[in-house]
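Undergrad: Before I ask anything, here is the structure I am working with.
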Amino acid sequence: MADLNLNQIHKSFGALEIIKGIDLDIQSGEFVVFVGPSGCGKSTLLRMIAGLEDVSSGTLTIDGKDVTHAEPSERGIAMVFQSYALYPHMTVAENIGFGLSLAKRPKAEIAAKVQAAADTLQLTHLLERKPKALSGGQRQRVAIGRAIVRDPKVFLFDEPLSNLDASLRAQMRLELSELHARLKTTMVYVTHDQVEAMTMADRIVVLNGGRVEQVGTPMELYNHPATPFVAGFIGSPKMNLYTGPFAERLGCKTYGIRPEHIRVSEDSGDWRGQVRHVERLGADAILYLDVEEASSMMVRLAGDTQLRPGDTVWASPQDSAAHRFAA
Amino acid sequence: MKQSRSLASGIVALIVATVIFILPFLFIALQAVKSKSEASRLNFALPKEWLFWENLVAVVEARNYQLLLAYFNSTVITVFSVSILVILSAMVGYVMQRRQSRWNGVAQVALLMGLMMPPAVVPTIGLLQSIGLFKTMTGMILIQVAYNISFSTLLYRSFIATIPRDLDEAARIDGAKPWQIFFRVILPLLKPVTVTNVVVQSIFVFNDFTNPLYYLPGRENITVQLTLYNFQSTYTSQYNLLFMNILLVTIPPLIVFIFFNRQIVTGMTAGAVKG
Ligand SMILES: Nc1ncnc2c1ncn2[C@@H]1O[C@H](COP(=O)(O)OP(=O)(O)O)[C@@H](O)[C@H]1O
Ligand SMILES: [Mg+2]
């Protein structure tokens, strides 16, 4: 349980500046997700918080203590890697207890803590196995177990779910949220997947090109994206974004409207278009329109829509839900 | 059709292997159990009398049990030089692979030179003499370490490149000091290459003839391969004893090889596929 403050954090690799000045205050107990496209510097930022990467300039405090140049093990953090990074030659129990055994804790204490972590994560029956003999989801749990026994002030996760298949990922999202609810520890979670960000975060930090694009709760970002970048990144399917003459006619530089905020009618409306493709997801259907004035447009409809490719339709935005950006 | 062809090529391969590997060994074994006069003919004829035990005793007792001393010396040299080699080159390989610094290039060139340039004997002897290590076991051990460290380090470095850095970092977060990361996380993972390395280097050092000949002269410093040299020069006609001696010094490496055969292959291919 600790605050985490980033103050004008910069990072350069050689002449290349990757992180371009980040200010961020994370409250004690918060679940914060860093989200952004691949290569925007999420991992680098997380690794600086962990102490695995030197901070080029700026300060970092955890629990009010300046840890900008502290060793990782002295920061009170624990990290779960994308690759899990389990020690292949150690059993699950040894993996989880490694940090404690390095700290020369008594054997009985290590065993008790490992047992407690294993109980929390349903790993008890696997304690004597080597990582090689575990499934992806089990390895994931061991990696989390290794983080839990350290009893950290801040948990750091770097895309921990990206090696799992879709259904397991959904399950682990739930388990991580429950873990956070139980431990109430500050967690910083990195992902490129906006679904993970929306579902788990108390607050989302959208990163783009080494800068913070916007910070807010999931619904704040969904309802009031500050920039076209955030608008396009948060929400699935993506928001329709238009620039050029089409946007100018609607009175802005960039005009955005979410697929779920467009009505479609067969005889009247604002924009005429032709159905190019219908993607049926069951409950929903995603309509891909070729709109005459703009380019393509996605519309979310009820799953039982009768529209077919080639049909001509009229689309109209719910005006209150439209986003007008000056940039 | 295809099957019979692969069968035929299999048989050919077996015959070639037999001729290359088994026949010489058979030849040695045959001469080793013959009498002196029979062995001097150097053919594949079976001995009239099987003198295995007599020849064995004669070889072991020769020159006041010199062979036993030679075994002892060779074993000491092998054990010490290979142990130093493994620890040292694993550490060097680890640092070279993981830490980027200005010295990497220098170390790289030094390694390659060590691998490519043949060592000059006379200056080496001069150096050993000036630091008082000529004709000593310590000197011989250090020579073996120096001559083999390039190969060994390259082997470790390329294997360590297959161990994800995440492991080092996870250990660092767990509170491991650099030497603990090496000894508790990295070194145990090097087991497959280490087995390969130990076997290859042990056999090389144990079988070395020329280096002990140059750098370790002296009766009390005899090593196993040099006992052969002695036999050849003084008992030229005693081929039966020479071959018995060959048989005896071949056996330890052979046992090691047979015993570790599988691990060697595993070590050579380890890291090719992520476990
Ligand atoms: N050690 C490094 N040296 C040089 N460039 C690096 C290094 N690590 C990361 N980068 C660069 O920094 C950028 C951000 O990387 P990263 O933080 O891993 O992105 P993300 O995790 O958001 O996908 C990338 O362009 C990457 O090439
Ligand atoms: Mg990353």
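Placed from the backbone N, Cα and C atoms, the Cβ positions cover glycine too.
TrEMBL entries are annotated by machine, without manual review.
Residues annotated as domain 'ABC transmembrane type-1' in TrEMBL: B:71-260. Under the heading transmembrane segment, TrEMBL lists B:7-33, B:70-94, B:106-128, B:140-160, B:181-206, B:239-260.
Explain the structural surroundings of these features, please.
TA: Using a Cβ-Cβ cut-off under 8 Å and counting only residues 6 or more beyond its ends in the same chain, the transmembrane segment (B:70-94) has close neighbours at 107, 137, 140-142, 144-145, 148-149, 152-157, 159-160, 182, 186-187, 190, 194, 197-198, 201-202, 205-206, 212, 221-227.
Residues 92, 96, 134, 139, 143, 146-147, 149-151, 153-154, 214-215 of the same chain lie 6 or more positions beyond the ends of the transmembrane segment (B:106-128) yet place their CB under 8 Å from a CB of it.
Long-range contacts of the transmembrane segment (B:181-206) within its own chain (CB-CB distance under 8 A, at least 6 residues past either end) are made by residues 74-75, 77-78, 81-82, 85-86, 89-91, 94, 144, 148, 152, 155-156, 159-160, 163, 167-168, 171-172, 224, 252-253, 256-257, 260, 263-264, 266-268, 270-271.
Counting residues 6+ beyond its ends, the transmembrane segment (B:239-260) has Cβ neighbours under 8 Å at 25, 28-29, 31-36, 38-40, 42, 51, 55-56, 58-60, 62, 67, 195, 199, 202-203, 206-207, 224-225, 227-228, 231-232 in the same chain.
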